[in-house]
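Colleague: OK, TrEMBL features for this one:
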ACT_SITE  111  active site, proton acceptor
BINDING   33, 34, 35, 36, 89, 90, 91, 92, 102, 103, 104, 105, 129  substrate binding site
Ligand SMILES: O=C[C@H](O)[C@H](O)[C@H](O)COP(=O)(O)O
């Protein structure tokens, strides 16, 4: 069966394919969550099967853990791995400083813990997620279920004093019920439109009772790999301060990628 990938899926695949080149034998690898990260897990699985690559993967969600096992990637807990060589994950937005909004898939808490425990965080993305200023994508904030409406009211009240354009928060739903994260919490999506000071916003949100974590990743990401539908991939590394462009041969999604979706 031939799978015709959409241009956006081709871009995600190309970014993932390029990013897994950073992974070396023996590494402990943080495995992100989401549709782009799923491509990365599949590409890693391919290297495990075809090259005999030996890695230990720390998944950032139950979804990623299942996919990794299915792909033949060894899965260990973060506590077993202790520290990671690299984490590869998707993002919902990134800016010129490689600051991010994450959590569109609800996995921001484990993702932030895992990325922070890594020597390097590589974000894989398509070009549509690059922004001048973060905030068009609703900012996910993980809150404990107890008193979530009070937490929401407190957040909305506090937003007035922050450098943001929007001020409303909505409870993420899963059909008729509130969305529940892997840690048993809920997600409030903050409709900020434009976050003038992402660092301050992240700090203030995390000081509020009831807030577990927010989806702003500030100074955590080192490298962004941007994939394009034509097989091109661009690597941006904040530490080296350089922009490297690489051409990849696009590999059709037949066989390995057939029937696999997040
Ligand atoms: O919670 C989910 C994650 O932060 C994802 O990495 C993010 O939402 C991007 O997901 P996708 O690659 O599906 O756009």
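Including glycine, each Cβ sits where the backbone N, Cα and C put it.
Show me how these features fit into the shown structure, please.
Modeller: Around the Cβ of residue 111 (active site, proton acceptor), 32 further Cβ atoms fall within 10 Å across all displayed protein chains.
Taking the Cβ of residue 91 (substrate binding site) as reference, residues of its chain lying under 8 Å away and at least six apart in sequence are, in sequence order, 100, 101, 102, 123, 125, 129, 217, 221.
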Colleague: Would you identify the secondary structure of residue 33 (substrate binding site) according to DSSP, in three states?
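Modeller: Coil, per DSSP.
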Colleague: By a 10 A CB contact count over all chains shown, which of the binding-site residues listed here is most packed: 102, 129?
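Modeller: Of the binding-site residues 102, 129, the most buried by Cβ count within 10 Å is 102.
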Colleague: Starting from the Cα of residue 111 (active site, proton acceptor), work out which of the binding-site residues (33, 35, 89, 104) are within 10 Å.
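Modeller: Checking Cα-Cα distances against residue 111 (active site, proton acceptor), the binding-site residues within 10 Å turn out to be 33, 89.
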Colleague: Where the record says 33, 34, 35, 36, 89, 90, 91, 92, 102, 103, 104, 105, 129 bind substrate, what is the longest distance in Å from one Cα to another among those residues?
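Modeller: Output for substrate binders 33, 34, 35, 36, 89, 90, 91, 92, 102, 103, 104, 105, 129: max Cα distance 16 Å.
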Colleague: If you count the C-beta atoms lying within 10 Å of each candidate's C-beta, which of the binding-site residues 33, 35 ends up with the smallest number?
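Modeller: Checked 33, 35; of these binding-site residues, fewest Cβ neighbours within 10 Å: 35.
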Colleague: So around the substrate site, 33, 34, 35, 36, 89, 90, 91, 92, 102, 103, 104, 105, 129 aside, which residues have their CB within 8 A of the centroid of those CB atoms?
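Modeller: Surrounding the site, in chain order, are 32, 37, 107, 111.
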